[in-house]
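Notes for the one structure printed next.
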Amino acid sequence: MPKYKDISKVLVIGSGPIIIGQAAEFDYSGTQACKSLKEEGVQVVLVNNNPATIMTDTDIADIVYIENPTVEVVEKIIAKERPDGILATLGGQTGLNLAVKLKEAGILDKYNVKLLGTSVESIKTAEDRELFKRKMQEIGEPVAESVTVTNVEDALKFAKNYGYPLIIRPAYTLGGTGGGIAHNDEELISIVDLGLKKSMVGEVLVEKSLYGWKEIEFEVMRDAADNCITICSMENFDPVGVHTGDSIVVAPAQTLSDYEYQMLRSASIKIIRALKIEGGCNIQFALDPQSHKYYVIEVNPRVSRSSALASKATGYPIAKIAAKIAIGLRLDEIKNPVTGKTTAFFEPALDYVVTKIPRWPFDKFYTTDRRIGTQMKATGEVMAIERSFEASLLKAVRSLEIKAYGLRLDSVRGMGTKEILEDISVPNDMRLFYIAEALRRNIDIDYINDVTKIDKWFLNKLSNIVNMEKEIEENELSKEILKKAKRMGFSDREIATIKGIKEEDVRTLRKKYGIYPSYKMVDTCAAEFESITQYIYSTYCEEDEVETHDIPKVIVIGSGPIRIGQGIEFDYCSVKALWALKETGIKSIIINNNPETVSTDFDTGDRLYFEPITLEDVLNIYEKEKPLGVMVMFGGQTAINLTEELVKNEVKILGTSFKSIDISEDREKFSKLLKELNINQPKGGYALTVEDAKDIALKLGFPLLVRPSYVIGGQSMEKVNTLQELIDYVKHATEVSPGKPVLIDKYIDGREVEVDAVSDGECVLIPGIMEHIERTGVHSGDSFSIYPARNLTEREINTIIEYTEKISKALNVKGLINIQFAVKEGTVYVLEVNPRASRTVPIMSKATGVPMVKLAVEVALGKKLKELGYKGGLWPQTPYTVVKAPVFSMEKLTDVEVSLSPEMKSTGEIMGIDLSYEGALYKALEGAGLKIPKKGKILLSIAERDFQEAVSLVEKLQSLGYEIYATYRTGKYFSLMGIHANIMSLDHAIKLLKNGYFDAVVNTPTKGKKPDNAGFKLRRTAVEYRIPLFTSIDTIKAALNAVSKVNVNGLSVLSMNEYQEIQKDNVKNLVL
């Protein structure tokens, strides 16, 4: 049937900020859905409070609201825009939960808005654990023994009858939030108690553990006419018990017999039909390795992380098709955009193997528990495509950017066998490398299978890789051996390491033997039909299917997997760069390996190479394509770190030169430049050893700010207050960046200010100046930032402009540059310069309307800003305010210090925008989970150094009518100052916190970092029980200011289109 006649305007709910469990895959699917609806002539209204995604650009949806997706706000948008339908199944758990609330509040009926795609009844049946269990039993599909509980006592009764281990899964949550595996009563009580608080409906499922069974997933599509197809089967390398988001996943499933495959495929189709899901759906099964017995684990009645992986693995655009199904189209009426010939009612066929490996944040949080289980901890993932499992796995490993180019890691090889065997027995982020090492030490495959429950098929494949390592080690690098190694997926660098030679020697030998990669197309149909899209992967010793043409083209290097410090902001920049190249008539080529992102969609660039971002892989593509040059400024530190080696291999870098990048990244060279330019910088020095560091500390005094070179997200950056802290730090930092100097600066206790600019080497355009709410010493990615800056004098603003121009010209920047300043007592200091796209480019582009990435691309290609219609200097500031708030995923990462510091910890961000400053700040606080009520109970536990400053805070709290509670030392100090507070012990405060007694906690850390520290426990409890936590007095003061002055009903709900119209009037006099 054709699309619904009465649907001409659709409201799409976006997924909000990037958090563990709900990352960029929803931005990718949401973006694809918006484009898909517009293709059908539907007007699209979007609600999403994430400024970092391309989805919230006005190019994607027709009308964009960067507002918090709450029932109250969305009702206002519905009343204003009057959409005919609402699409919620592409916004992750945020979208689903909101759709259910809107329906239950009667808002959809009140405004006659049709819920498109899957109905609320179907969502509830899939998401509510008890309803789901009943539905499966009704259709004869097996589910594990389980009980839905709303209290701890019922969970303990179930445990008494069925024994341990048990798996706990809360209803209506994502990424396994609040779930876990309990092995005894104590663990069960703890997990269920927390899970009940995390569940939107106060329910958890307690089920008999199927730990050790195979976990198999099917991605299925269904339309309103009951047509169904399976898109892809996927197999988890790790058995049941590890969250699929934390598991290595292979597509198609590798170890199923044809009987097992058909059995689970039939069950998948039966389930999607019974649930009446319209669109995409992910079904997870547990399969007994010893029989054909299986259980249905769960169903996601929406596009999910696995859907994004299945889309990229097959080339079948699930979200695009799901959006068309939602407005009434049938699968056989929708064209497959990859082949251009077949319809979407066509099951994809794969003639290659896809491997996904999660990217965990443990390089940032080396104190956290590295074990993985039912609660997800990965921030992102990589995907690789090859012709065999071995080659696909090795390609994925080197895409992770964890300094692993194969399965041999020095840190693992130095471990004792007993330790290796212990680490194999528990799932953790390094288990793949431990298993490889066990195989090297001739540990029996049966034993490893028995301990890990990983299928022997996978273990035999790992054994093949280990045997190949041995063959390389023991023989001359003949043509045959090199060919065999390359075909198995070994990188030049790994072969060089095994042989103890240089990577370039292997590359030279490989070329001498005539061993080059061949490139293949992803076409959804195993080459049965010709592909019209350019979605490419490499392999060895096969026919090359990819033709190159002698036309102007440019390679954009992507940013790889999402991790803390390098999020989707960089994917936003890569996508904008590809579009800008297309506009100039130059063919755009992207190299990236992240299956969650828009940049790796089959039609974003003219050509997509789904490959690791390593020197070898980039050089191979460069030599094949022969482009005008390569752009590294949009791919974050991933691309920047490759620049030196690319230049050595005569690759032309478009934009700022490597020499300039090196000056800004090398702290010593950069300091010298600032001195020459007569620009203020914090006093400091450079240390290569602990002794150097001690000498500098003696000269400068404490506190000090210490950081290594060439890192992102402030990795390993700390504020140190004592000599011992400094010694411990330098020892660790030299491991992160060996041979690179450690920068030691005198800490400046001032306001932090940030600028993004576009430079053509002569003219410098500054779209705006952002001011941080928190003082220096908090990483810029973790600060609340305000645009336009509110507390700078005219003289300070002029100095910031002058310094930005001086530095941009001295470095001959051709493109984007980001500069961070500290301002103290009227003096402006330069803290850091990044001559590339920064994480604030998307939010500043949206706030000001300046197309920063487009200008940077044009400038890199040789144009001048004046030719493009822009003058230098500071762009007129907006008459509205934008506030960027960080969003953290700390509840998923146990034993991690949550207080703000120089090292970045946030996984995402949200934006508050309003005609008033207080309104924008209020929205930002609410979106970041830091909304405090106008009255309530506030707990304070303050470090001694902050006592004085806390007095004015407490006076403000009391004047606003809050009840003050304080821990002993804090309360005692307040008493001395004549301030009344209810005083209690920390242990009692933590107990009350768990029971939801307090409305907010203010805790500035003393020592921090140590899990046995009482303050650490207080902060962790606040995070785990979702109580607003403030670890900076600056943030809570700003929050009180917003809460006390804002009339919530008076907040403006304007679209970005309306804000941009307001700003256009502002700039008329500046544009040439």
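Heads up, the Cβ atoms here are built off N, Cα and C, so glycines get one too.
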Ask   = Among Glu718, Glu735, Glu794, Glu832, which residue does Swiss-Prot name as a further ATP 2 binder in the site formed by Arg707, Lys746, Ile748, Glu752, Gly777, Val778, His779, Ser780, Gln820?
value = Glu832
Note = Here the binding-site residues are Arg707, His779, Gln820, Glu832, and the Cα closest to that of Glu298 (Mn(2+) 1 binding site) is found at His779
Key: Position of peak Cβ density within 10 Å, selected from the binding-site residues Gln284, Glu298, Gly777, His779, Asn834   = His779
Ask   = Just checking the binding-site residues Gln284, Glu832, Asn834: which sit within 10 A of Gln820 (ATP 2 binding site), CA to CA?
value = Glu832, Asn834
Ask   = Per DSSP, His779 (ATP 2 binding site) is which: helix, strand or coil?
value = coil
Message = Between Gly777 (ATP 2 binding site) and Glu832 (Mn(2+) 3 binding site), how many Å separate their Cα atoms?
response = 13
Ask   = Taking only the binding-site residues Arg707, Ile748, His779, Glu832, Asn834, which one has a CA atom nearest to the CA atom of Gln284 (Mn(2+) 1 binding site)?
value = His779
Task = Might you list, by sequence position, any residue in that chain lying six or more from Glu832 (Mn(2+) 3 binding site) with a Cβ less than 8 Å away from its Cβ?
result = Ile819, Gln820
Remark   = For His779 (ATP 2 binding site) and Asn834 (Mn(2+) 4 binding site), the CA-to-CA distance in whole Å is 14
Note = Cβ proximity for Ile748 (ATP 2 binding site), under 8 A, sequence spacing 6+, ordered by residue number, returns Pro682, Thr776, Ala822, Lys824, Tyr829
Inquiry  = Taking only the residues in the region 'Allosteric domain' (930-1072), give me the average pLDDT of this model.
reply    = 89
Cα-to-Cα gap, Arg707 (ATP 2 binding site) vs Asn834 (Mn(2+) 4 binding site), nearest whole Å = 15
Ask   = Once the DSSP letters are reduced so that anything not helix or strand counts as coil, what is Glu298 (Mn(2+) 1 binding site)?
value = strand
